[in-house]
Number of protein chains: 2
Amino acid sequence: MKIVKAREVGEREVERLLTKAAFDEVELNPKIRESNRKLFGRDMSAAELVRQIVGDVRRDGDKAVIHYTKLIDRVELTPENLLVSEAEFEAAEQAADPAVVASLRKAAENVRRYHQEQKPNSWMTYRDQGSILGQSIIPLDRVGIYVPGGTAAYPSSVIMNAVPAVVAGVREIIMMVPPKNGKINPYVLLAARAAGVKKIYKIGGAQAIAAMAFGTETVPRVDKITGPGNIFVTLAKKEVYGHVDIDMLAGPSEILIVADKTADPVYTAADMLSQAEHDPLASSIVITDDEELAGKVAAEAEQQLAKLPRREIAQASIDRNGLIVVAEDMMQAMRFANVSAPEHMELLTAQPFQLLPYVRHAGAVFLGAYSPEPLGDYFAGPNHVLPTGGTARYYSVLNVETFMKRTSIISYTQPALAAVSDDIIRLAETEGLQAHANAIRLRRNEKC
Amino acid sequence: MKIVKAREVGEREVERLLTKAAFDEVELNPKIRESNRKLFGRDMSAAELVRQIVGDVRRDGDKAVIHYTKLIDRVELTPENLLVSEAEFEAAEQAADPAVVASLRKAAENVRRYHQEQKPNSWMTYRDQGSILGQSIIPLDRVGIYVPGGTAAYPSSVIMNAVPAVVAGVREIIMMVPPKNGKINPYVLLAARAAGVKKIYKIGGAQAIAAMAFGTETVPRVDKITGPGNIFVTLAKKEVYGHVDIDMLAGPSEILIVADKTADPVYTAADMLSQAEHDPLASSIVITDDEELAGKVAAEAEQQLAKLPRREIAQASIDRNGLIVVAEDMMQAMRFANVSAPEHMELLTAQPFQLLPYVRHAGAVFLGAYSPEPLGDYFAGPNHVLPTGGTARYYSVLNVETFMKRTSIISYTQPALAAVSDDIIRLAETEGLQAHANAIRLRRNEKC
C-alpha cells in the first residue's frame, strides 16, 4: 500500500495520482490479448474487435450472436435456447435458498421505495392570454439491462437496474447475462423475474450489447441499454451509442474514504478491501489528515487481506491502485476527494454532515462509521450503478429518470401569438430564415 | 412532394417511410468527399477523418486546432486570437441593431423563466432509527457549448444552450463558433455575453469538440459538451463521449404535423417549409386523415416555396424528405407520429389537447393553429435543442438537468445498520464477496 504525504510531494503530484486514466486507455491484459490472437488470427485492439462483433451482429443477427458466444464464451447456443426457458426458472427456484430470496425481496423493496421518491411528474404552467407551457416526462418503451457474469454473479445488479425501470413505467424490460458453462446463477434469474423482467437471454459481451441495440430474429431492439460490464461491454456500449441510448460508460470500481483521527482503522481497511476484492483494476483510496491513522490502516489492510477468499484479486488491486494520502488538513482532503470524483465516497469523520456541502463530485456519499459501502451496494435503497473513473464530474447515479425522457409542450392562442409575433419575425429574419418568419406572418393574415 | 395513402400501401410501408436512418448512415455529399480527398490526399470516411482530427488535437493541442482551422475553414488563427477579444465584442455592439438585441433579451428572459421551473432540488428523506437517505443534484463545474456557423448564424442557439446552464448553476461556460472569414456574427457574440458565457473561441468542427474534451494550452477542458452541429461535429461528439459527457447525437432537423380537416393548408405548408429551409437533409412530414387537405398542402407548399430566399435548400429537402401521409383515422395518425418520433410535432387539429395523451415520442409538441414551430425555436421559453432522427424514443429535450448530476446520500446509525446487517451479510456471501460481508461483520464486533 502506497502512502504519500501532500506536504512532501505537493498538491499537484497528489492530484496526478488521484486522476485516473479514461476508459479507452485501459490496456487489455496480456492473457486476453493472446487469446484474441488465437481466436481471430490477428492482433486486434479491443476497440477493433468490438467494432467487428457489433457490425457482424447488426448484419447477421442471431447467427453472429451464436458464433461469438461459441468462440468467446465457449457455449453452444441455438436460436431456441438463447432465451431462458420456463424450465430453467423452475430449476432456479428449486436450487435457491429461501433465506437469500427473502433478503433479495427486502432489498428490492428498499430500492423500489427510494426510487419512488425520485419519480418526476409531468407539469404545465399557465401563461398570458390562454397560453400554456409544459413538460411531459414519459417512460421509455423498451430497455435492455446488462448483468455481468464473470468472476462473480450479481443478483443485486439485477435489482439495481430493473427496479428503477419498473418504477419509471417502462413497458418492457429485457436482460442479457453471459452464461457460465451454459447456465445462469439462480438468484440472478429469480431477482429478474421478481423485478418484472420479461425476457432473459444467455448472451454476454459485445454481442449482447449489439443484439439489444439493433435487434435480431430473437432479441427485440431496445431504446436504452443500462448496466455495467467489462471493457468489451463498455466499448460496445460506446459503439452503439446514438442508435440507442446508454446509461454511462463505466470502468473498474472505486472507493475513496475521507477519514480523520476518529476513524476506526479496522473499518477503514475493511471498506478499502470491499472494493479491492472486485477487480485487480479496482481502486481503494484513503485521504486523511492523520499520519498515524495512515500507518494503522495500511497495517490492518494487510492483516485482513491475508484471510480473504478473493485475496489474489484484492492484493493485485491494492498493489496497483491502493493509496493513502496524508493531507495537510480536512479542507485539502475534500479538495483532493473532489479531484478524484470517486464512484463511492465515505466520510469516516467525527462530523460527516459538516463535510457534505464540500462534496462536489461523487457517485454516492456514505456518511459516518455505520454507513459502509456494502450497505449501499445491497440494501439501503439508493442505486449501486454509479459513475467511475472520475466521470462523477458529469455522470449521475442510475435513477428513475434514466428510464424516462422529457418532451416540451407549447400551446399559444391567437392573441398570445400576436403579442410576440414582431419579436419572432425579427429574430427569424436576423438569422436569415424567411420561411420561419412567414409561418408567423401568415398567421397575422399577411401575404408572403 | 410525395403523398402516400395508408389504405393503399399498408401500415408497414408507411412505418418504413417514417423510420429514418441513424446518423452514422448519413453519406457525405460528393463535394465534401472530393474536398477531403484534396485536403488529406486519400479517401477517408467521415468517421476516420474525425478520429484523426480528435487524436491530433488531443496530442498537439492548439497547434492541431490551428492546423485544421486553416485546412478546413481556411482561416489563419494564432494562439493569441483563438479567443474572441474585447475589441471584437465592442465591434459587435457597434454593428448590432438595438431592436434585434431587445428581441434577443426578451427571448432569453422567457427561456430563463421556463427553465427555472425545471430546476430540481436536492432532497433527503428520514428513515428508521436515525438513518437518512437522499439525493444531491449538483451543477457541473464547466461546460462547453457548440454553436454552428455554416449556412446561417444562430444567436437563438446560444440562448438555448447557455441559459439553462446558467440556471443550473454551472460555474464556467465556454463556447465554440466556427469563424466565417475569420469573423463571428455580432448577435451570436452579444447573445453569449448577455447569457453569461465567459470565453468564446473561433473554432469549429471536430477540432472544436476535441479541444473542449481534452483541453489545449488555450482551451480549458470541460465536463460536458452541448449543442448541435454538422456530421463532423456529431461524429466528434461520439468519439470523445466518455472522456466528457455530451447532450445527444443530433442529425438534420425535422417536423411532423398531425392535421385534421380543420387545419389551414396555408399554415400547414408554411410550417413544413420552416423546417425544410434549414438543410437539404431536413424532413417535413404531414399526417392527416383528410385526403383533400393532403392535396391542398402539397399545392400550397409549392407556391410558397417559389418565393423563399433559401428556396434551393428548401426544394432539395422537400424533394428528398417531404411526405404527406393520408391515414385511415386520427388514431392511426398518432401511431404513425410515434413511430416517426419527430423532433417537432405539431397538432393542427380541432382539439389538439385531446391528442396529447397519445404522444409518446417527440422532442417538443406544439398544440393548435397558433403554436407554430418558430414560436418554440425563438421565443416561447422551452428549449429548441431537441432529439432528431427518431431519437426522441430515448433522448430528452435539452434541459436544466442536462447541466446537473445526481449523487446519492446514505447515512445509517449503528442500530439502523445492526437491524439490516444479517440481510447484507447474506447477500454479500451469496455473491461470493467476503470482504463486503466483513465490512458489516466487523461493525458488529465479530472477528474476521
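Placed from the backbone N, Cα and C atoms, the Cβ positions cover glycine too.
Feature annotation from TrEMBL assigns NAD(+) binding site to B:Y146, B:Q207, B:N230. Under the heading substrate binding site, TrEMBL lists B:S253, B:Q275, B:H278, B:H344, B:D377, B:E431, B:H436. Residues or ranges marked as Zn(2+) binding site by TrEMBL: B:Q275, B:H278, B:D377, B:H436. Annotated active site, proton acceptor per TrEMBL: B:E343, B:H344, in sequence order.
Everything TrEMBL records as a feature, shown here on the structure.
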residue: B:Y146; record: NAD(+) binding site; CB count, 10 Å: 26
residue: B:Q207; record: NAD(+) binding site; CB count, 10 Å: 29
residue: B:N230; record: NAD(+) binding site; CB count, 10 Å: 22
residue: B:Q275; record: substrate binding site; CB count, 10 Å: 32
residue: B:H278; record: substrate binding site; CB count, 10 Å: 24
residue: B:E343; record: active site, proton acceptor; CB count, 10 Å: 30
residue: B:H344; record: substrate binding site; CB count, 10 Å: 28
residue: B:D377; record: substrate binding site; CB count, 10 Å: 28
residue: B:E431; record: substrate binding site; CB count, 10 Å: 22
residue: B:H436; record: substrate binding site; CB count, 10 Å: 29
Inset, instruction - Report the nearest neighbour of B:E343 (active site, proton acceptor) in space among the binding-site residues B:Y146, B:Q207, B:Q275, B:E431, B:H436, comparing Cα positions. - result: B:Q275
Legend entry - List of the binding-site residues B:Q207, B:S253, B:E431 facing chain A, defined by a Cβ pair under 8 Å: B:E431
Legend entry - Helix, strand or coil at B:H344 (substrate binding site) [DSSP, three-state]: strand
Legend entry - Secondary-structure category, per DSSP, in which B:Q207 (NAD(+) binding site) falls: helix
Inset, instruction - Among B:S253, B:Q275, B:H278, B:H344, B:D377, B:E431, B:H436, the annotated substrate contacts, find the widest CA pair distance and round it to a whole Å. - result: 56
Legend entry - NAD(+) site shell beyond B:Y146, B:Q207, B:N230, criterion: Cβ within 8 Å of Cβ centroid: B:P148, B:M176, B:P178, B:G204, B:G205, B:A206, B:A208, B:I209, B:G229, B:F232, B:V233, B:A236
Legend entry - Inter-residue Cα distance where the pair is B:Q207 (NAD(+) binding site) and B:S253 (substrate binding site), in Å: 23
Legend entry - Nearest-integer angstrom distance between the alpha carbons (Cα) of B:Y146 (NAD(+) binding site) and B:H278 (substrate binding site): 18
Inset, instruction - Sorry to bug you, but what's the C-alpha spacing from B:N230 (NAD(+) binding site) to B:D377 (substrate binding site), rounded to the closest Å? - result: 18
Inset, instruction - Using C-alpha atoms only, work out the spacing between B:H436 (substrate binding site) and B:N230 (NAD(+) binding site) and round it to an integer in Å. - result: 48
Legend entry - DSSP-derived class (H/G/I helix, E/B strand, else coil) of B:Q275 (substrate binding site): helix
Inset, instruction - Let me know how many other Cβ atoms fall within 10 Å of the Cβ of B:S253 (substrate binding site). - result: 27
Inset, instruction - Could you tell me which three-state DSSP class B:Y146 (NAD(+) binding site) falls into? - result: strand
Legend entry - For B:N230 (NAD(+) binding site), the one of B:Q275, B:H278, B:H344, B:E431 that lies nearest, given that the binding-site residues are compared by Cα: B:H278
Inset, instruction - Using DSSP reduced to three states, classify B:H436 (substrate binding site) as helix, strand or coil. - result: helix
Legend entry - Structural state of B:D377 (substrate binding site), classified by DSSP into three states: helix
